[in-house]
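I'd like to ask you about the structure that follows.
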Amino acid sequence: MTSTKQHKKVILVGDGAVGSSYAFALVNQGIAQELGIIEIPQLHEKAVGDALDLSHALAFTSPKKIYAAKYEDCADADLVVITAGAPQKPGETRLDLVGKNLAINKSIVTQVVASGFDGIFLVAANPVDVLTYSTWKFSGFPKERVIGSGTSLDSARFRQALAEKLDVDARSVHAYIMGEHGDSEFAVWSHANIAGVNLEEFLKDTQNVQEAELIELFEGVRDAAYTIINKKGATYYGIAVALARITKAILDDENAVLPLSVFQEGQYGVKNVFIGQPAVVGAHGIVRPVNIPLNDAETQKMQASAKELQAIIDEAWKNPEFQAASKN
């Protein structure tokens, strides 16, 4: 894939709530010129129906070829986006999904690679950090071309929550959630700022915002998925738009800085896991990680989060079905 290619092709694997919402976001924002949607055989007609339904919006947006795809259609795609997986149920953590979704992930990645695909994988199925790692292993692709959605949605939730608390536009809030996309994630308070003004300084001019309120705010961000799942059964709109944003950064070779599941090679004392941190992303995938200088407490949280992910990966890879991939 090159940044000069004019016809941009995306293949979506998984046409559930997240996948179909992502497809709608691509159509609505005019991203890519071709979108193929892959589903399991028993749901193929749903993909056909969604492709038809989405095509009826094109007169209002921009031209795009949309169709129910097969794995061989991945061969010349720029980007394969994986949203397929068992959904998270009420009371279930993202890490509880590992066993079910690793098997699904292996089947998908094996078939995509067999098509001759040589683009970029973008993973959104949960637990996303673990499944980004498994996609890397099962594909044998360079780590730069395997990307997880990471903490992109968590960071957006954090920015929106701070914006509401401080009565400012969320686009003027610059703040990150790092670590696992899940229970061990953490807020990078030390570098949060409003239009370049450090949050601590900004709060000096803001009445009635106490530290306890900020802690509660973060907890609301961390637990947002559970809240939504308990109320409506699933989360999909926020992550769909996050995926569309990542897709645009890749297809347009933006070199945008986004918080993604990025392979760790010693930054923050962490190695051999994919975990959420900011990174520069463009047409060839991850250009480089952006290593925010965390304070000691934040560094410890990053290491603890990575340790949890590593334990899950180590346990999963005891399964003989997945051990062969470790040799890649």
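Backbone N, Cα and C atoms are what each Cβ position is placed from, and that goes for glycine too.
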According to Swiss-Prot, E39, K46, Y71, G85, A86, S107, A124, A125, N126, S149 bind NAD(+); identify which of V18, V27, V113, V168 is listed for that same site.
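The candidate from V18, V27, V113, V168 that Swiss-Prot ties to NAD(+) along with E39, K46, Y71, G85, A86, S107, A124, A125, N126, S149 is V18.
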Can you tell me whether DSSP puts H174 (beta-D-fructose 1,6-bisphosphate binding site) in helix, strand or coil?
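The residue in question, H174 (beta-D-fructose 1,6-bisphosphate binding site), is strand (DSSP, three-state).
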Comparing the binding-site residues Q88, S149, T235, which residue's C-beta has the most other C-beta atoms within 10 angstroms in this structure?
S149
Just checking, which of V18, A125, V128, A156 (binding-site residues) has the fewest C-beta atoms within 10 Å of its C-beta?
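Result for the binding-site residues V18, A125, V128, A156: minimum number of other Cβ atoms within 10 Å at A156.
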Mind giving me a neighbour count for H181 (active site, proton acceptor)? Other Cβ atoms within 10 Å of its Cβ, every protein chain shown.
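If we count other Cβ atoms within 10 Å of H181 (active site, proton acceptor), we arrive at 31.
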For the binding-site residues K46, R159, H174, which Cβ has the most other Cβ atoms within 10 Å, all shown protein chains included?
R159
